[in-house]
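Enquirer: Sharing a structure with you now.
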Amino acid sequence: MEESQSDLSLEPPLSQETFSDLWKLLPENNLLTTSLNPPVDDLLSAEDVANWLNEDPEEGLRVPAAPAPEAPAPAAPALAAPAPATSWPLSSSVPSQKTYHGNYGFRLGFLHSGTAKSVTCTYSPCLNKLFCQLAKTCPVQLWVDSTPPPGTRVRAMAIYKKSQHMTEVVRRCPHHERCSDSDGLAPPQHLIRVEGNLRAEYLDDRNTFRHSVVVPYEPPEVGSDCTTIHYNYMCNSSCMGGMNRRPILTIITLEDSSGNLLGRNSFEVRVCACPGRDRRTEEENFRKKGEPCPELPPGSSKRALPTTTTDSSPQTKKKPLDGEYFILKIRGRERFEMFRELNEALELKDAQAEKEPGGSRAHSSYLKAKKGQSTSRHKKPMFKREGPDSD
């Protein structure tokens, strides 16, 4: 301990008296003085000191106002904040399907075709529905009262008919999308195609994501009253992953070169394997419900010729009675009685048809009486056997 204290006593402690000795040890060409003097002189100039002393003390305590914000310079693309990722929801806007003839009297028409099994495309005026096969030609006629302006286009778009499916986009099923049936113009996911027109343009809407096909409007040829466009439907209505048995509508619109609407019309479509059979079945079901055919406004009826099928009208017209008599040979008494009663009933019905409404009651009572006589005539008599214990 004594040796350590003696060593410390040899060196004087650092204090203000030792600062002068340390200052003398610095080299003569000191670089610190040349680098620090100019800034010190600038910060403590005589004018600044005088202004600072003459300044109002209250003003010195005030907080300086914030400088006015300058106009922000255009940020570089790399420094811009990334926009939030936009999702791809279902389309929010649903195209209108209401008929609109416009100033040019725009209407649709279809060729006449029956309900035979061999037909590939048939139109039902009562249902306003087109039945067609997959990828088969469907002629649609465009009728106008006056010629539209140059640059007019015709757009075809498919939407779902029911309200719960209207917001979804109609597209082909994955199986048919992979089929090698492309014509080089139509995208594989588009349902409707135009046949035989190289000027067809297939569009995908940016806002609604719906598919449509647009062709330039061509006036009718010489000797023709309408313009015909041949459409193809490239997926069945029953395909899983596509329409999936959901009914669809095809909306045909007439637009000018700027996209303004000039006319609109629509019809239902069913793509199936047997159009004639399906049309006949749906028309029968429609008539069984007792619903009348929807009356379209004047000028909007589809130009389809009436069908000549036997079931086209629920009530057949009565033919006038023929006065000629016929002789029918019938084998067997029972069968003869049945035909005789039927003939008498028909004769009575014809006789009472032009009389008062009470004739129907007399007709029914007459039939009951005749039926009772005929049945009692052929019934075997039933006898009660009397035994020894009977009364």
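Including glycine, each Cβ sits where the backbone N, Cα and C put it.
I grabbed these lines from Swiss-Prot:
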type     : residues : note
DNA_BIND : 99-289   : DNA-binding region
MOD_RES  : Ser9     : phosphoserine
MOD_RES  : Ser15    : phosphoserine
MOD_RES  : Thr18    : phosphothreonine
MOD_RES  : Ser20    : phosphoserine
MOD_RES  : Ser180   : phosphoserine
MOD_RES  : Ser266   : phosphoserine
MOD_RES  : Thr281   : phosphothreonine
MOD_RES  : Ser313   : phosphoserine
MOD_RES  : Ser390   : phosphoserine
REGION   : 63-107   : region 'Interaction with WWOX'
REGION   : 97-368   : region 'Interaction with HIPK1'
REGION   : 110-233  : region 'Required for interaction with FBXO42'
REGION   : 113-289  : region 'Interaction with AXIN1'
REGION   : 253-291  : region 'Interaction with E4F1'
REGION   : 270-277  : region 'Interaction with DNA'
REGION   : 280-319  : region 'Disordered'
REGION   : 317-358  : region 'Interaction with HIPK2'
REGION   : 323-354  : region 'Oligomerization'
REGION   : 349-391  : region 'Disordered'
REGION   : 357-361  : region 'Interaction with USP7'
REGION   : 366-385  : region 'Basic (repression of DNA-binding)'
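Map these features onto the structure and tell me what's around them.
Expert: Here the Cβ of Ser20 (phosphoserine) has 8 other Cβ atoms within 10 Å, regardless of which shown protein chain they belong to.
DSSP assigns Ser180 (phosphoserine) to coil in the three-state reduction, outside any helix or strand.
Taking a C-beta cut-off of under 8 Å and a sequence gap of six or more, Ser266 (phosphoserine) has these contacts in its own chain: Gln97, Thr99, Leu249, Thr250, Ile251, Ile252.
According to DSSP, Thr281 (phosphothreonine) is assigned to a helical segment.
In the predicted structure, the region 'Interaction with HIPK1' (97-368) carries a mean pLDDT of 86.
Summarised by DSSP class, the composition of the region 'Required for interaction with FBXO42' (110-233) is 7 helix, 42 strand, 75 coil.
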Enquirer: Can you tell which of Ser180, Thr281 has the least company, meaning the fewest other C-beta atoms within 10 angstroms of its C-beta, among these modified residues?
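Expert: Selected from the modified residues Ser180, Thr281 on minimum Cβ neighbours within 10 Å: Ser180.
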Enquirer: Cα distance, Ser20 (phosphoserine) to Ser180 (phosphoserine), nearest Å?
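Expert: Roughly 100 Å, rounded to the nearest whole number.
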Enquirer: Kindly assign Ser266 (phosphoserine) to one of the three DSSP-derived states: helix, strand or coil.
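Expert: DSSP call for Ser266 (phosphoserine): strand.
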Enquirer: DSSP on Ser20 (phosphoserine), three-state: which is it?
Expert: helix
Enquirer: If I take the alpha carbons of Thr281 (phosphothreonine) and Ser20 (phosphoserine), what is the distance between them in whole Å?
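Expert: With distance taken Cα to Cα, Ser20 (phosphoserine) is 120 Å from Thr281 (phosphothreonine).
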